[in-house]
Amino acid sequence: MTVAEAETYWTALAGLPRPTLKELFSDAGRLDRYAATLDLPGGPIRFDWSKTHLSAEVEAVFAALASAMDFEGRRAALIEGAKINNTEGRAAEHTAQRGIGNEASVEEAEALHARMRMLVDAIHAGALGEVRSLIHIGIGGSALGPALAIDALTRDGAKVAVHVVSNIDGCALEAAMKACDPATTMIAVASKTFTTTETMTNAASALEWLRENGVADPYGQVVALTAAPEKAVEWGVDETRVLPFSETVGGRYSLWSSIGFPVAMALGWEGFAAFLDGAAAIDRHFIDADLAGNVVVRAAFADLYYTQVRGCQTRAVFAYDERLALLPDYLQQLEMESNGKRVLADGSPLTRPSAPVTWGGVGTDAQHAVFQLLHQGTHLIPVDFLAVKTQGHDLDPAHHQILLSNCFAQGAALMAGKASDDGARAYPGDRPSATILCDDLNPATLGALIAFHEHRTFVSAVMLGINPFDQFGVELGKAIAKQIESGGGEGFDPSTEALLAAVGLAG
């Protein structure tokens, strides 16, 4: 379909009536239509999009656009392992890591998982000596996913204490090393290419730390997680400690591959397997459910409606559970690196807004920081609230009751608003929100939540006609940084040259 042909659907959406949320709720069946509970391996998850401006009329146009953009064909291509990452000539086979995909790719993933399990089980059994800590070194997709999963799922303890280090700032690695005993610490080096500057610099420093602290064979305590195993071996890692993953698994979609090694180390293999099972359950829902009952598709339709029709430039995500504190950061990369594009998949200009800015925080902290703008500011910002029915601590249940009360109150207040003769105390209301309520937070639940957002991001990309699986926008800055590091700090604009001179990096 051409850009001009797609534009007719966007024009139709823009021309539809815009009833308020209160008016939409005059339909007694609205809640049943826009809230759904999925029974998943980790327990039920409720997806409630009733407080958004989605309507039967809006969804009908989106369904027609989805058909015109060959959504079903693109979804099938994703699952079957077709080369849908056309700019790099690759498939995007993260679902195969969860057992959903073409037979050959699933078998390859299962073999790699079996290899990973053998190593994880051996370490936990003490076959490699005493291992109390793991410093996991990666960046971007090699770090954000493991950090989220470990922070969310090990608050009650872990089989091995995992410290995720991503920043090139030495303060990050130094803090991790201070918390570990070199004699009982393993180092995991996670890099798809095994050339990432930040990761390899941190890895070299970690090796030196082991060496300086009396470890006779530092490489004996290193595991490599990479799609370039030959480079890991060349760097010095024993071949038996290299856990490869397929080139067709993108970095920000790689948590399900050997990049999940630190998660398995922390949880044990059963926990990691449950994590995969939860994600696979969402895969099956995404594949099998029709558009009207597909919670993934509905979420993407809402995202697109607010960005493309209502002109919203951001969307906010607030986790009303401390264990999900890192989820907004994870979603920032997933959504903005995937869909923050300026061209269509065929290279022609994208004439509509691409991904909104994704941001957020943790409730109730965020209420005392940014909710003033959400309720009374001039920006319309759709909000996602995430909450967990079962508390994650042993303190007085009043803590959790207050937490959930605040979560649900915010959604109600955004919608209802409050009139006042004093403008400073008036709330306009009619501000959209969606709520995702998990019965419990466990490995399977978290896997389901992440897979839900992966597919949500993919649907938005299909509807816009863009490729969500490349990320060339990150390359220019890295190339310039390497130029500066090699002494080429000349030929820049006056501001950059002055900054380089101020820190002694001028050429």
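Including glycine, each Cβ sits where the backbone N, Cα and C put it.
As given in Swiss-Prot:
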- GLU337: active site, proton donor (ACT_SITE)
- HIS368: active site (ACT_SITE)
- LYS478: active site (ACT_SITE)
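Of all Cβ atoms in the protein chains displayed, 22 besides its own lie within 10 Å of the Cβ of GLU337 (active site, proton donor). In sequence order, THR197 make up the list of same-chain residues 6 or more apart from LYS478 (active site) whose Cβ falls under 8 Å from its Cβ.
For HIS368 (active site), other Cβ atoms within 10 Å of its Cβ number 9.
In this structure, HIS368 (active site) is part of a helix by DSSP. Residue pair HIS368 (active site) / GLU337 (active site, proton donor) shows a Cα separation of 29 Å.
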